[in-house]
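Peer 1: Starting off with a structure, shown below.
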Amino acid sequence: MRETPEREEEPGTEAPCAASCHAQRILQTLNAYRRSGTLTDVVLRAGGRDFPCHRAALSAASAHFRGLFAAGRPERAAAVVPVGPETPGTAAALAVVLDYVYGAGVRLRAEDEAAAVLALAERLGVAGLREACARFLEGRLRAANSLALRRVAAAFSLASLAERCGRVLRQAFVEVTRHADFLELAPDEVAALLADPALRVAREEAVFEAAMRWVRHDAPARRGQLRRLLEHVRLPLLAPAYFLEKVEADELLQACGDCRPLLLEARACFILGREAGALRARPRRFMDLAEVIVVIGGCDRKGLLKLPFADAYHPESQRWTPLPSLPGYTRSEFASCALRNDIYVSGGHINSRDVWMFSSHLNTWIKVASMHKGRWRHKMVALQGQLFAVGGFDGLRRLRSVERYDPFSNTWAAIAPLPEAVSSAAVAPCAGQLYVIGGAGQDGVNTDKVQCFDPKEDQWSLRSPAPFLQRCLEAVSLEDTIYVVGGLMSKIFTYDPGSDVWREAADLPSPVESCGVTVCDGKVHILGGRDEHGESTSSVFTFDPGTGQVEAQPSLQRCTSSHGCVTIVQSLSR
């Protein structure tokens, strides 16, 4: 019978799992030898306990022992090698490390044990155990231990654990601040936590109370940190009654002279609303309150229909919410602005004197006192808690007329007229004064004049002319700088009243006029308007003064131009 030759294995092939199973059996045998003291050639001593081991196994798994047992080192022949520090915790941690080295797996029971094992594994250079400890800690992460684990993450550069700790701190801020670890934070850590715009708090009162709880934990030593911490509390978002009863009446704050400017800023915001311009008046990202952009009325694509809609847009969620329609919506080319979180709309075609207020609290439109002079193509802005209706057109001529509205007395009064009559100009308040930029003059010719009103002196003056001659302009102010767009210009221009200097800020993707412009979340938003073909658009762009970048945003719900556009703070749960 002919023998069949044995089939030769191809080089490099092996039975499935043969190598890994073989390695596992070797580790299991070595671990059994370690536990029984068989063939061990070194003893590790930690916390009063001895651990017989094999130098070869330790050297294979640990960079520290590999170097320690290298040829020429005096410790190479040592029978006993101490592993510090000499504490019971070190012994327990070393037991876990050796189980890992010998393939017995990692069994962790508590966060402090995992932190001790992690520290020892780092010292001994045991690769892989670091990741196992990090995964265990991530699985045990809770609000109660988030601050402690954040310190562990920082100490050992565990990026994933640090990110998860930060998320828990933001999402469970109120619960975190109730634990003792919060009271032991360093001032820098408390300030950084309070400053986070993404804290998930329903009310800013929770942030204020956390700051004061930390200070009162050791008031004599910490009262000097009050101003620094209070800078990160958004005092204008507190309920006015709470501010009076809990903040201004607080003895620690009364004794802190450095805190007084912050309290005065909050008071100004209660009186003036967003006009005060305080960054601390912006709601945090995940509050129920948020800045929303309100778009009111306007003309359709061809300019034939007057749109009745009023809608609020939340940029963070990109969600539109309908509001009650503007009464008398058949008017166009009216003016709008926000004052103390209410929206005012005045005038409109043809020659209307009407003024309506949208109460954001009552969610309804209320008619208030009419202007003395009917007008459209004018502008209206808020300055020092009052409204100013500026210039415009009455059907016969462009107007020099300026009227001031006092919301407390519900009355309009004429003030010093414009040096030069204009309509369709850009108007913006900035640094306590009123600026009227460009527009169409009495002869119908566009002007580049910048007319400045000082309310203290009830007097107008001229400033440096604009670098353009345009009408149908819009302007807003942000941090003592005026931003001008529209007039079918392809650029955004800035004007600094302090230096009386004009600059080009950015290029726009496409020119528009009679657009809506407002400031929301620290950015300039440009909404709708007419393009170079005279048609209304639905385009939306944002300009970030910090980066100088213009970005396209989701379009409006419909094409519109000559519309009202303001920013208010609104509850998102409505």
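Placement of Cβ uses the backbone N, Cα and C atoms for every residue, glycine included.
Annotations per Swiss-Prot:
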DOMAIN    40-110  domain 'BTB'
DOMAIN    146-248  domain 'BACK'
REPEAT    292-341  repeat 'Kelch 1'
REPEAT    343-385  repeat 'Kelch 2'
REPEAT    386-432  repeat 'Kelch 3'
REPEAT    434-480  repeat 'Kelch 4'
REPEAT    481-522  repeat 'Kelch 5'
REPEAT    524-570  repeat 'Kelch 6'
Peer 1: May I ask for the residues of the chain that lie six or more residues beyond the repeat 'Kelch 2' (343-385) and have a Cβ under 8 Å from a Cβ within it?
Peer 2: 271-273, 275, 294, 296-297, 310, 323-324, 326-328, 331-337, 391-395, 399, 401, 403, 405, 407, 410-412, 414, 423-429, 432-434, 436, 455, 564, 566, 568-570, 574
Peer 1: Can you work out which residues elsewhere in the same chain, 6+ from the ends of the repeat 'Kelch 5' (481-522), have a Cβ less than 8 Å from its Cβ atoms?
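Peer 2: Long-range Cβ neighbours of the repeat 'Kelch 5' (481-522): 279, 282, 291-293, 295, 298, 315-316, 424, 426, 428, 430-431, 433, 435, 437-438, 450, 452, 463-464, 466-468, 470-475, 528-532, 537, 539, 541, 543-546, 548-550, 552, 560-567.
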Peer 1: Over the span of the repeat 'Kelch 5' (481-522), count residues by DSSP class, listing helix, strand and coil in order.
Peer 2: 0 helix, 32 strand, 10 coil
Peer 1: Can you give me the average pLDDT across the repeat 'Kelch 6' (524-570), rounded to a whole number?
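Peer 2: Mean pLDDT across the repeat 'Kelch 6' (524-570) comes out at 95.
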Peer 1: Between the repeat 'Kelch 6' (524-570) and the stretches 292-341, 386-432, 434-480, work out which stretch tops the count of Cβ pairs under 8 Å.
Peer 2: 292-341
